[in-house]
Amino acid sequence: MFFRFLLRRIFYVIPMLLITTLIVFSLILLIPGDPALALLGDNATAEKLAALRAQLGLDQPIIMQYWHWLTNAIQGDLGRSLFTGEYVSDAVFTRLGVTFQVVAMAMIFSFAFGLLFAITSVIKPNSWMDYIARFFGVLGTAIPNFWLAMILVVLFSVHLGWLPATGFTSISDHPVDFMKSVLLPSFCLGSFGAAQITRQLRSSLIEVLESDYIRTAYSKGLLLWQVIWKHGLRNALLPVVTTAGLLFGNMLGATVVIESVFAIPGMGQLAVHSILQRDFPMLQGVVLIMVLMILIINFITDVIYGVLDPRIEFE
Amino acid sequence: MSQADEILNVLSLRASFPTYQGKVKAVNNINFSINKGEIVALVGESGSGKSVTALSIMGLNAPTIKYEKNSLISYKGQDLLTMKKKKLKKIRGNEISMIFQDPLSSLNPLQPIGRQIAEPIQLHQGKSFFSAKERVVQLLRMVGIPAPEKRLQDYPHQLSGGMRQRVMIAMALACNPTLLIADEPTTALDVTIQAQILNVLRELQKDTGISILLITHDLGVVAEMADRVLVMYSGEIVEEGDVFTIFKSPRHPYTQGLLNSVPKLKGAGEDRLKAIPGVVPNPLNLPEGCNFYSRCSYSSEKCSAAAPPITDSAQNQRFACWHPLEKKVNQFV
């Protein structure tokens, strides 16, 4: 059953990828500017420009260019950067590792704070803890992350000097430095997520705690925290799983800003550089991988749903 | 009955809910006791305060509820209303347990039933799930679930309504409680399943000697199950007595009205069903005198002036009425 479900989901991914890549391919051509001009500079002659365009395949019709890119991509060849000449797949996968570490930390951060705030808030409704949780729920949603990033850098890096303002160390190289370098960016990325999870989980916990089986749980002699832990949380997490899936996509998008502020060599930064340099093959590769990531996350979300809720069957 | 047999004693229980329109008196000065091994039925219409009474015993009413000062629910000499939570927790599910009306919504949809039945055993007897398993299988067999070993991993949605209620009963009996409160246990079930569930309850009562407080609006269920009946009307117990006396010779007009509104097969189609005219009084604005005054065909001025006192009569029958019905004699067949 699960295997058929998996197969069908993979089958659905194919048209999604085709459509998104085609859209991105067309949109890139709308960006003003010419990679040949960017490569050769303003003083290049018309012949030289034309020769380079022909060499890069830019003189062909869009659909031909797309077809060319697609047939290569299926074989695993995403082309080479127009500027550095490195393989797009190599560059993208190195940076994907970086971005993945940052986003994973932001996710952990979101859930840790979301669970903490939502549960303390529900234990005593309308208490000061509840008000604090709700306040942060609104604050986290309202504060723009780039602004938060700059304020935190000024406070923790410039004034206090506790954390580095820029750069990134991979967890495999140096775990302590990794934590230092990732703390501020993941906090900025995750503050919105933490707020969303707090709000969602708080309301769904309140709803679940009203239900009949919670009354049954009390009638067995369980105390409030046992009721929440054993019967409330898992039921209340169901709608949060959907939110978390959406958040992941949201965070991938936000890395474009956050990685630029903290100078983290990740996917977001690569996307920005590629756009500025009109490095089309690189940009196309970045977008392809991001779309793929989001489709995978959607799939994982559905699987988690099925694992959490036995009433859902994989069909 | 001697005092020693008494396991639960409810004394002048008054409970009210504050609302924006004023205080709703859900339960207004009720007194009753339950003896060891007895099945007591609490009968009344919706909104008569049956469930509030039951939930007061469990301490599971909404936290907004207020109990009047001299209210007392004494279980083996301890007052459940003022008991510390930690202490109450040891009684709930262990010595007093409860089953509810709708077994589907009363079971956790995300947990296998084996886990849910084992939970009170793990909690009160400090056992692991693994060592509680044997007892769970025994319980499931007791309530008549076939091949119980194979059912432990089932989820509530995979069972039928009757099976679910059996699971609820198994869960409530897990720790061999002394008192089981059954709040409309058959209302959400098909008629054929109802009979099965009542059978299960009756058999279990015989085997374990447990006391049952059975809450229902169904007089058929009462006749089949109960030893003693408490008739509740807008927050008060209007009549109390053993089941034969109440059915044969009710003294309160409301009890008579309830009995009359049960359809009978004998002479079907000849008579229209006699419903009690009027509606239950607004609990926000209860009348001065008897609550049943406006709906009663025997009422006089006396009834509207003052609430009737509780009269004791023979055969352990008590009623609260100024104009009780004639006592029928030689009615036992």
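Here the Cβ of each residue, glycine as well, is placed from N, Cα and C on the backbone.
Cβ atoms under 8 Å from those of the transmembrane segment (A:12-31) belong to residues 62, 65-66, 69-70, 73, 275, 278, 280, 283-284, 287-288, 291-292, 295, 299 of the same chain, restricted to positions at least 6 beyond its ends. The annotation transmembrane segment is assigned in TrEMBL to A:12-31 (among others).
Look at TrEMBL and you will find A:96-301 tagged as domain 'ABC transmembrane type-1'.
Feature annotation from TrEMBL assigns transmembrane segment to A:102-123 (among others).
The annotation transmembrane segment is assigned in TrEMBL to A:135-158 (among others).
Below 8 angstroms of C-beta separation, residues 101-103, 105-115, 117-118, 136-141, 143, 145-146, 148-149, 152-153, 156-157, 163-164, 167-171, 240, 243-244, 247, 250-251, 254-255, 258-259, 261-262, 264 of the same chain, each at least six residues beyond the ends of the transmembrane segment (A:178-197), sit close to that stretch. Residues annotated as transmembrane segment in TrEMBL: A:178-197 (among others).
Annotated transmembrane segment per TrEMBL: A:236-262 (among others), in sequence order.
According to TrEMBL, the transmembrane segment annotation covers A:282-308 (among others). Listed by sequence, the residues of this chain that lie at least six past the ends of the transmembrane segment (A:282-308) yet keep a Cβ under 8 A from its Cβ atoms are 9, 13, 16-17, 20-21, 24-25, 28, 69, 73, 78-79, 81-82, 88-89, 91-93, 96, 234, 237-238, 241-242, 244-245, 248-249, 252, 267, 270-271, 274-275, 314.
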